[in-house]
Amino acid sequence: MAFNNAVSLTSSMLVVIFSSVLLSSCYFDISEAGDDPPIVKGLSWTFYESSCPKLESIIRKQLKKVFKDDIGQAAGLLRLHFHDCFVQGCDGSVLLDGSASGPSEQEAPPNLSLRAEAFEIINDLRRRVHKKCGRIVSCADITALAARDAVFLSGGPDYDVPLGRRDGLTFATTNVTLANLPAPSSNTTTLLSSLATKKFDATDVVALSGGHTIGISHCSSFTDRLYPQDTNMDKTFANNLKVTCPALDTDNTTVLDIRSPNKFDNKYYVDLMNRQGLFTSDQDLYTDKRTRDIVKSFAVNETLFFEKFVLSMTKMGQLTVLTGTEGEIRANCSVRNSDNSYLASVVGQEQEVVTLSGF
Ligand code: HEM
C-alpha cells in the first residue's frame, strides 16, 4: 500500500509513454477492429433466458454487496475463473474438494493462493441462484459470470458471457495443474508457447496478463527477482518490495498494480513500461520484442485494452467446456453429486415418492 504514494506518473514517464505510442502505432495496428467472439457448440448467449431470467441480476446484485465490503474479492474471483479454465477447461473442477481418488486441483501449488473466500462466494451465489431457479445453473457458469462482474464492478468493461457450461465429474492431478498454469518466473517465450497450446496468440497473452491490474501477490511469487535483484526492475520499486519481503520466504503480500491496485484499468501496462511489473512473466512482456508494442498500445489506449481483454476472456471462458448432457449440474460446487450424501438422500426420497405414487 505504501507504494501507492511512492509512485506517481512523472512528466518523464509520460514522455516515454507518448513517444512510444508514436513508435508503437507504426508496428501494431491499434485500430484493428475486434469482431464478436465466436462461441463453441453447446453454449449460447441466451441459455437461461427462459429457465432462469434473473440469473445475471442475482449474481450482480450480490457481488455489488460483497465488493462494497471488500473490493479485493473481485481479484480472487477473476483469478479463480482463470485457474478453472486453464486446467481441464472451464468445468468447475478447481472448485471440487479432494476425494478418495487423491488430492484436488485446489491442493496443487498454484491453487494454494486462491482465496478461500472466492470458493465461499461461488457457493453462496449458487445457493441464491438454485433457490430461485432450481438446480439448472452450473457452478462453471456461475464462476464465469462472477469473473465478468469482478471485472466490471472494479471499473473494467461489461460484456456478455456465453452460457451453458456443465460441471465436470473429475479434477486434474497436481502435475496436470502445474503443467497448465504458467509460473510467475516464466519469460515471454515460455508464456507464448504455453498459451499457444490453448490457441492464444501474443495479443491474447498480453491482454490476459492485464488481469494483474487488480489484486495481490505473496512474496514467494516474486522474491526470486529481489534476491539477487533483477536488473530489469526499477530500483525504487525493488527497494520498496524488499521492505515488504525482507527474505525469500516472507509471508507478506503486495499489490500487483502499484498505480491503481483495486481498479480494473490499463495502468498495469504503464507499470510495465516503467519496469514496475511484479513478476518476470509480467515485466518480460515489455522486454520481449514480440509483445512490447502490444504492451505500449494498451498503456496508451485503455479502450483497445478493454476490447482485446473481452475477446481473450471470452475465448478463455470457452476452453474445453462440457455442454449438453456431459458432466452434471452440481448441487454443491465443492462436491460432485455422486459424492453428495445430502443430495443422494433427497434424490432417494424423490425416487421413493415417484415409486409410491406409481402404485
Ligand atoms: C499469464 C500467466 C499468469 C501467471 C504466471 C500468473 C501468476 C500469478 C501469480 C503468481 C499470482 C499471485 C499469487 C500469490 O502469490 O498470491 C497471480 C495473481 C493474480 N492473477 Fe495471475 N497469472 C497469470 C495470468 C492471469 C490471468 C490470465 C488472469 C485473469 C485474466 C490473472 C488474474 C490474476 C489476479 C486477479 C490475481 C490476484 C488474485 C488475488 O488478489 O487474490 N492472472 N497471478
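A Cβ is built for glycine as well, from the same backbone N, Cα and C atoms used for every other residue.
Taken straight from TrEMBL:
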SIGNAL    1-33  signal peptide
DOMAIN    42-337  domain 'Plant heme peroxidase family profile'
DISULFID  Cys52-Cys133  disulfide bond
SITE      Arg79  site 'Transition state stabilizer'
DISULFID  Cys85-Cys90  disulfide bond
DISULFID  Cys139-Cys333  disulfide bond
DISULFID  Cys219-Cys245  disulfide bond
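Annotated features, which come from TrEMBL, shown on the structure.
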residue : record                             : Cβ within 10 Å
Cys52   : disulfide bond                     : 19
Arg79   : site 'Transition state stabilizer' : 22
Cys85   : disulfide bond                     : 28
Cys90   : disulfide bond                     : 29
Cys133  : disulfide bond                     : 16
Cys139  : disulfide bond                     : 30
Cys219  : disulfide bond                     : 20
Cys245  : disulfide bond                     : 23
Cys333  : disulfide bond                     : 25
For Cys219 (disulfide bond) and Cys333 (disulfide bond), determine the Cα separation and express it in whole Å. 30
Are any of the recorded positions Arg79, Cys85, Cys139, Cys219, Cys333 near ligand 1, with a Cβ under 6 Å from it, and if so which? Arg79
Proximal residue to Cys52 (disulfide bond) among recorded positions Arg79, Cys85, Cys139, Cys245, Cys333 (C-alpha distance): Cys139
In three-state terms from DSSP, label Arg79 (site 'Transition state stabilizer') for me. helix
Of Arg79, Cys85, Cys90, Cys133, Cys245, which is closest to Cys333 (disulfide bond) if I measure between C-alpha atoms? They're all recorded positions. Cys90
